[in-house]
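Undergrad: Pasting the relevant annotations from Swiss-Prot:
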ACT_SITE  Asp149  active site, proton acceptor
BINDING   Gly27  diphosphate binding site
BINDING   Asp122  Mg(2+) binding site
BINDING   Thr147, Ile148, Asp149, Met193, Gly194, Arg195, Glu261, Tyr323, Glu324, Leu325, Arg326  substrate binding site
SITE      Asp123  site 'Important for catalytic activity and substrate specificity'
SITE      Lys146  site 'Important for catalytic activity'
Amino acid sequence: MLSSSHLPTTIVTPKNVPTLGVLVGGGPAPGINGVIGAVTIEAINNGYRVLGFLEGFQNLILQDDSKIVELTIDSVSRIHFEGGSILKTSRANPTKKQEDLQKVVKQLQKFNVSLLVTIGGDDTAFSSMSVAKAANNEIHVVTLPKTIDNDLPLPYGIPTFGYETAREFGANVVRNLMTDASTASRYFIVVAMGRQAGHLALGIGKSAGSHLTLIPEEFLPTTDSTEPEVTFSRICDMIEASIIKRLYTSKKDHGVIVLAEGLLEYMSTDELKQAFGSSLKYDAHDHIMLAELDFGRLVRDEMRERMNRRGLKIAFTEKNLGYELRCAPPNAFDREYTRDLGNGAVRYLLNGGNGALITVQGVKMVPLSFDDLKDPRTGKTRTRQVDVSSEGFQVAKRYMIRLEKKDFEKEETLKGLAATAKCSVEDFIKQFKYLVQ
C-alpha cells in the first residue's frame with residue numbers, strides 16, 4: 001500500500017494547465033485516504049492536474065515548493081483501505097495573520113490552482129472560508145467534513161466521515177475492557193476524544209453498553225444567561241453514585257465509565273488551573289490541548305480516595321481513548337462514504353460551486369454554504385452538539401446506572417444505598433440528591 005514515504009518525489013513545477021489542489025488539516029480520521037483517492041481520480045478523469053499539499057496549510061504559508069506532490073490515478077487507486085493520510089496533516093492556522101492568508105493564496109495561484117479541496121474539521125472549514133474570500137473567489141474551495149468528534153454542523157443523523165470507524169473501534173476496546181474489569185474486579189475510567197461535543201463518547205458508551213457515560217451536553221444551560229454546571233466534583237459525584245448503586249443492586253464491584261474529554265472544555269479556567277496547573281497548553285487555534293491533560297488519572301485518583309474513605313475496596317484504572325482511533329483502517333461504511341464525498345466535491349467544483357461543506361444526504365450530494373455554517377456570535381464554524389432531548393440520548397440513559405428520583409422516594413432503597421455507601425441516610429441525601437433534581 002502507498003504511504004507518505006512512497007509518494008512521487010519528482011519536484012513539482014508550475015504548469016499552465018487546469019489544476020486542483022487537495023490538503024488535509026487538523027487531526028487524522030479514518031477515511032482521509034479514501035477522499036484523496038476519490039478526488040484525484042474524478043479530477044484527472046475530467047482533465048485536471050491534481051496536486052497534494054503536504055502537512056495542510058503549513059507549507060503553503062511557508063511557500064515551500066518541495067512539499068507539493070503530483071497525484072496520479074495509479075498512486076491513489078488502493079489507498080482507501082489504509083488509515084492515516086498520505087498527505088500528512090497539520091494544525092497550521094492561516095487565519096492568524098492576514099499576511100499568512102495572502103501567502104497561501106499566492107502559493108496556490110503560483111501553481112495555477114483554481115479548485116481546492118480541503119479535508120478537515122471545524123477549524124479547517126473556517127480556514128477554507130477565509131482562503132476563498134482572500135482569493136476574491138478566484139480559487140473555488142470546498143471542505144469535506146472530517147472528524148471523529150462528529151461535531152460539524154451537518155443535519156442530525158448524518159455523520160462526519162471517520163466517526164463510524166472510530167465509534168466501532170472504540171466500542172470494541174470498551175467491550176474488551178468490560179471483560180478485563182469483570183475478570184480483575186476493577187473499574188475502568190475511559191476518556192474518549194471530543195473537544196466540544198460528546199458524540200464519540202456517547203456512541204462508544206451506548207453501543208458497548210458502558211455502565212455510565214457522561215458528556216458535556218447534559219450539563220449545559222438551556223439559556224445563554226446560565227453558566228454550565230460542569231464541575232469536577234459533580235462529575236465525580238455522578239460516578240461515585242453509579243458505582244454505589246451498581247454495588248447495591250447487583251453486588252458487582254466492576255464496570256466501565258466513559259467520559260467525554262470535552263467535559264474539561266466547559267469547566268471554569270480557575271478549576272482547570274487548580275487541577276492541572278502549568279500543564280495547561282493551547283494549540284494554534286487557541287484551544288486547550290485536552291489530549292495533553294490526564295483527565296482520566298485525575299478522576300481515577302479522586303475515586304480511589306473516595307472509595308478508601310468509605311472503606312470500599314474498589315480498584316480503578318484509567319484509559320485514554322483517542323489517538324488509536326484516528327488512524328484506524330476505515331470500515332466499509334467510511335470507505336463507501338468517502339468515495340461519495342470525494343466524487344461529489346469534484347463535481348460540485350466543476351459545476352462552478354464554491355465556499356461549501358460537501359455532504360451526502362440520503363441519495364444526494366448536498367453542499368452547505370460556508371456562510372450558513374458560521375456561528376453569528378463568533379464568526380467561526382458552529383458546533384453540532386448531542387441533542388439531549390432526542391430519543392437516542394434518552395434511550396442511552398435508560399441503560400446506564402444512574403441515581404433516579406425514585407431511588408430517594410423508596411425508604412428501603414434509600415437505606416440500602418446508604419448502607420452500601422457506609423454512611424447515614426441523611427449524609428447520602430446531602431451528597432447525592434441534587435443529582436436528580
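Backbone N, Cα and C atoms are what each Cβ position is placed from, and that goes for glycine too.
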Undergrad: Express the distance between the Cα positions of Glu324 (substrate binding site) and Asp123 (site 'Important for catalytic activity and substrate specificity') as a whole number of Å.
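TA: Counting only the Cα atoms, the answer is 22 Å.
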Undergrad: In angstrom units, rounded to an integer, how far apart are the Cα atoms of Asp149 (active site, proton acceptor) and Arg326 (substrate binding site)?
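TA: Rounded to the nearest whole number, the Cα-Cα distance is 10 Å.
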Undergrad: Of all the recorded positions given, namely Gly27, Asp123, Lys146, which is spatially nearest to Glu261 (substrate binding site) at the Cα level?
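TA: Nearest listed residue in space: Gly27.
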Undergrad: Does Gly194 (substrate binding site) have same-chain partners at least 6 apart in sequence with Cβ under 8 Å from its own Cβ, and which are they?
TA: Asp149, Asp151, Leu200, Ala201, Ile215, Ala260, Glu261, Gly262
Undergrad: Could you work out which of the recorded positions (Asp122, Asp123, Asp149, Glu261, Glu324) has its C-beta surrounded by the smallest number of other C-beta atoms within 10 A?
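TA: Across Asp122, Asp123, Asp149, Glu261, Glu324, these recorded positions, the one with fewest Cβ atoms within 10 Å is Glu324.
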Undergrad: Give the distance between the Cα atoms of Lys146 (site 'Important for catalytic activity') and the residue listed as 'Mg(2+) binding site', rounded to the nearest whole Å.
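TA: With distance taken Cα to Cα, the residue listed as 'Mg(2+) binding site' is 9 Å from Lys146 (site 'Important for catalytic activity').
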Undergrad: Going along the chain, which residues six or more apart from Gly27 (diphosphate binding site) have their CB under 8 A from its CB?
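TA: Long-range Cβ contacts: Thr89, Arg91, Gly121, Thr147, Ile148, Arg326.
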Undergrad: Would you identify the secondary structure of Thr147 (substrate binding site) according to DSSP, in three states?
TA: coil
Undergrad: With every protein chain in view, what's the tally of Cβ atoms within 10 Å of the Cβ of Thr147 (substrate binding site), excluding that atom itself?
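TA: Counting Cβ neighbours of Thr147 (substrate binding site) within 10 Å gives 30.
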